[in-house]
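Colleague: Annotations for this protein, taken from Swiss-Prot, read as follows:
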type: DOMAIN; residues: 14-257; note: domain 'CN hydrolase'
type: ACT_SITE; residues: E60; note: active site, proton acceptor
type: ACT_SITE; residues: K129; note: active site, proton donor
type: ACT_SITE; residues: C162; note: active site, nucleophile
Amino acid sequence: MNGLGGLNKSEHGVVIGLVQLQLPVVVTKEDLAKQTEKIVWMVGKARRNLGTMDLVVFPEYSLHGLSMDTNPEIMCRLDGPEVAAFKQACIDNKIWGCFSIMEYNPDGNPYNSGLIIDSNGEIKLYYRKLHPWIPVEPWEPGDLGIPVIEGPRGAKIALIICHDGMFPEMARECAYKGAEIMIRTAGYTAPIRDSWRFTNQANAFQNLMVTANVCMCGSDGSFDSMGEGMIVNFDGSILAHGTTGRADEIITAEVRPDLVREARIGWGVENNIYQLWHRGYVAVKGGAMDCPYTFMHDMVAGTYRLPWEDQVKITDGTSCGFPAPTRVFGKMAKAAE
């Protein structure tokens, strides 16, 4: 059930629209301004398309296209005109919106950032992509963690970006922090189609969490994006799926965060987000509450290392034309100082 794409909205439903936006080419500030206008127009289309819609979601790269250009002239700032236009579009159309920007970083490479703006034009969620699609993408690794917010109609919402969703730990973190709906925006192209589909479903099922996922669409003359808007219910079943590859189509469905809450509390079989920390509770009271996973201990200790670590051949972006980096990240950078 998806309420006929949100046409029939139930008392506790949240209607989501996923914009399979036509892939643009953005090189200049003028291109950026033109694409900003296109996105603003599409926010209006979303409202005209479906009066019941609560949240409209735009894909990763919707503003900048699939260029890896880090030219500061076309990078965005939170107080810049592009974000201001998105805020006003949400106000004008009385709708929440999820947007993608490549964000200027004075201390390194730009961030690949995502914003959720409410219907009053306020930024409610600000996220920087944790896992850039290496070795292809040059973006700075995110440093803000994964925020979870209270979205439209009280739904708990998280946002991850593209390659993030290939790491099961990302979806688990969203759910662990309370997310009932996880948005995944992407710029993926056709070769990733199968991986895209099964990870969207797995991320939902393993965490009893709705996932709402969308890519860019169409061709820019070099790359062919696939659209593939998918709204997946918390049991892994697909509620809506854009399979035609039609650019600027908006894929819609009603989702039910209240049923997510009910499942997380009431399910026995396959309540995996709970059972991870309560292994074998039939045999031992409360289950085994330990951490048997070596990789988790090693990550916390800063000693994560694969058995084949020294054999990995691609460890920077030089194969894709980027210079080898010299800076280090986070605690390592502070220690070096």
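Glycine residues also receive a Cβ, built from the backbone N, Cα and C atoms like all the rest.
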Colleague: Across all chains shown, how many C-beta atoms besides its own are within 10 angstroms of the C-beta of the residue listed as 'active site, nucleophile'?
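Modeller: Its Cβ shell of radius 10 Å holds 26 other Cβ atoms.
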Colleague: Highest Cβ count within 10 Å among the active-site residues E60, K129: which residue is it?
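Modeller: Output for this query is E60.
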Colleague: Given E60 (active site, proton acceptor) and the residue listed as 'active site, nucleophile', what distance in Å do their CA atoms have, once rounded to a whole number?
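Modeller: Approximately 7 Å lies between the Cα of E60 (active site, proton acceptor) and that of the residue listed as 'active site, nucleophile'.
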Colleague: Roughly how many Å lie between the Cα atoms of C162 (active site, nucleophile) and the residue listed as 'active site, proton donor', rounded to a whole value?
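Modeller: Distance (Cα to Cα, whole Å): 8 Å.
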